[in-house]
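Down below is the structure, laid out as structure tokens.
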Amino acid sequence: MYVWLKSYRGEGEKDIGGRSLVKPVKVGLLGLGTVGTGVVRIVEGNQEDLSSQVGSPIVIEKIAVKNTEKDRVIAVDRAKLTEDPWEVIRHPDIDVIVEVMGGIDQTKEYILEALERGKHIVTANKDLMALHGSEILAKAQEKQCDVFYEASVAGGIPIIRTLIEGFSSDRITRIMGIVNGTTNFILTKMSQEGASYEEVLAEAQALGYAETDPTSDVEGLDAARKMAILGTLGFRTNVELKDVTVKGITSVTREDITYAKRLGYEMKLLGIADRRDDEITISVQPTMVRQNHPIASVNGVFNAVYVHGEAVGETMFYGAGAGELPTATSVVADIVAVIKNLKLGVNGLKAIVPYKQKRLQSDEHIMSKNFILLHVDDKAGVLAQITQIFAEYEVSLASVVQQPNEHNPDAEIIIVTHNASKASMDKVLKHFESLAVIRRIKSVYRVEG
Ligand SMILES: NC(=O)C1=CN([C@@H]2O[C@H](COP(=O)(O)OP(=O)(O)OC[C@H]3O[C@@H](n4cnc5c(N)ncnc54)[C@H](OP(=O)(O)O)[C@@H]3O)[C@@H](O)[C@H]2O)C=CC1
Ligand SMILES: N[C@@H](CC=O)C(=O)O
Ligand code: NA
């Protein structure tokens, strides 16, 4: 303990040349793309601060990349690069493996082997953690190793640590958030600048926000994986990806965004995890958020996670959800946490093992307000037929507006419901499909606030 405190204050032993005798902690990096580059920049740029916090220099010893010949935006010692991740995993001097290369099955093999060898893991990989987190964390516990994954959800926001530590005393009832930077960037630009979907997606890719395959961003899968992680931590039960209902933003049109604004809402891809009486429900879907809700003003690549606890009430966490340096701060903070645990000899003791039996809400219990845009025959009695169907399934309406359509001979009916069960809404929409006066169900969105 004495040595630890001495080195913590930067007073470690020195050799006769004044060089520190404190053994550096060696880190192996898998990946040197957007996030990996940020990790190198922060470890090198903040070395003095970092080493004084952990009591040892932090050295990036070896880096696995796909192509060692590729030009890099930072100067790296070429001798450290390898195209063989096993060389990093099996390196005898490396204590901490930082996985920022992505991938699922092969990457899981690397991580499990690294744990088998007693190495600690820091990863930004939500795909891996959402699908195989429980197996990886069980292995880590068996081997008394740390697996930290703060960067995997909401890039630079320390939300995982907050759920594990900050809310350990409370019972969380709701986690609601914008947890994908790419889609928030796209929706913001479509809403504020009238930009086209394709051009903004290309910009998000160029800025390093999007996944290698951006389908997982725009189809909502990336957000769903993050919500599975947050739900598991928040509700202390094993939320799996298949428990999350997912709809992405590919069908959101500029027209939908315009309607949302006109009614006082912003369109956001929202992840919502709710718990009532120990039954949970989790979804990711484009949602019209009332403009006076703080989440409505979260724009661009920013993310925000709103957490409601029984005791604490409402809280909200905001910051960059993707991008090189914001994401890398979370990765490097995890490295610091691993090394602090190393010094204290407590690695592997902080893993959160979900202990509650999972109970999912039935469609009768999943409640939301809804926006529905219908194109209908422009003739007498149509509105009455439609409102009659809502009444039949006991869905109460907050507002109904009928107006001529600017672009075709149909009329438009815009409906906002009060809270209604998913079961009732599904019945209403099914009934609409068979109603001759309804030309098309143009859009249906969840409404918040
Ligand atoms: N970008 C972001 O804002 C965020 C990303 N993440 C997650 O972080 C991880 C990394 O993302 P990001 O940095 O954007 O990805 P990039 O595509 O920018 O970088 C991936 C890196 O991994 C290397 N790599 C890929 N496959 C292999 C392989 N089989 N063997 C060796 N090296 C390999 C690539 O090598 P090479 O350079 O030679 O091509 C590259 O250096 C992903 O899991 C992502 O989901 C999490 C939060 C935010
Ligand atoms: N593609 C992701 C990157 C961070 O997780 C996003 O856009 O949020
Ligand atoms: Na985070």
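Cβ atoms are placed via backbone N, Cα and C, with glycine included.
Copied over from TrEMBL:
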- LYS226: active site, proton donor (ACT_SITE)
- LEU30, GLY31, LEU32, GLY33, THR34, VAL35, GLY36, THR37: NADP(+) binding site (BINDING)
- LYS126: NADPH binding site (BINDING)
- GLU211: L-homoserine binding site (BINDING)
- 371-449: domain 'ACT' (DOMAIN)
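Sequence features, as recorded in TrEMBL, placed on the structure.
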residue : record               : Cβ contacts under 8 Å, 6 or more apart
LEU30   : NADP(+) binding site : ILE63, ALA64, PRO85, VAL88, ILE97, VAL98, GLU99, VAL100, MET101, THR107, TYR110
GLY31   : NADP(+) binding site : ILE63, ALA64, VAL65, GLU99, VAL100, MET101, GLY102
LEU32   : NADP(+) binding site : VAL40, ILE63, VAL65, ARG72, VAL76, LEU81
GLY33   : NADP(+) binding site : VAL100, MET101, GLY208
THR34   : NADP(+) binding site : GLY208, GLY323, GLU324, THR327
VAL35   : NADP(+) binding site : VAL100, ALA124, ALA151, GLU324, THR327, ALA328, VAL331
GLY36   : NADP(+) binding site : LEU29, ILE63, VAL98, VAL100, MET101
THR37   : NADP(+) binding site : ARG72, VAL73, ILE74, GLU324, ALA328
LYS126  : NADPH binding site   : TYR149, SER152, VAL153, ASP222, ARG225, LYS226, ILE229
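Taking H, G and I as helix, E and B as strand and the rest as coil, DSSP gives the domain 'ACT' (371-449) the counts 23 helix, 34 strand, 22 coil.
For the recorded site, LEU30 (NADP(+) binding site), the DSSP three-state label reads strand. Same-chain residues with CB within 8 A of the center of the LEU30, GLY31, LEU32, GLY33, THR34, VAL35, GLY36, THR37 CB atoms, the NADP(+) site residues themselves not counted, are LEU29, GLY38, VAL39, VAL65, VAL100, MET101. With respect to Cβ neighbours within 10 Å, the recorded positions GLU211, LYS226 differ, and GLU211 shows the lowest count.
Less than 6 Å separates the Cβ from ligand 2 in the case of GLU211, drawn from the recorded positions LEU30, GLY31, THR34, THR37, GLU211, LYS226 in sequence order. For ligand 1, the nearby recorded positions are GLY31, VAL35; that is, of GLY31, VAL35, THR37, LYS226, these have a C-beta under 6 Å from one of its atoms.
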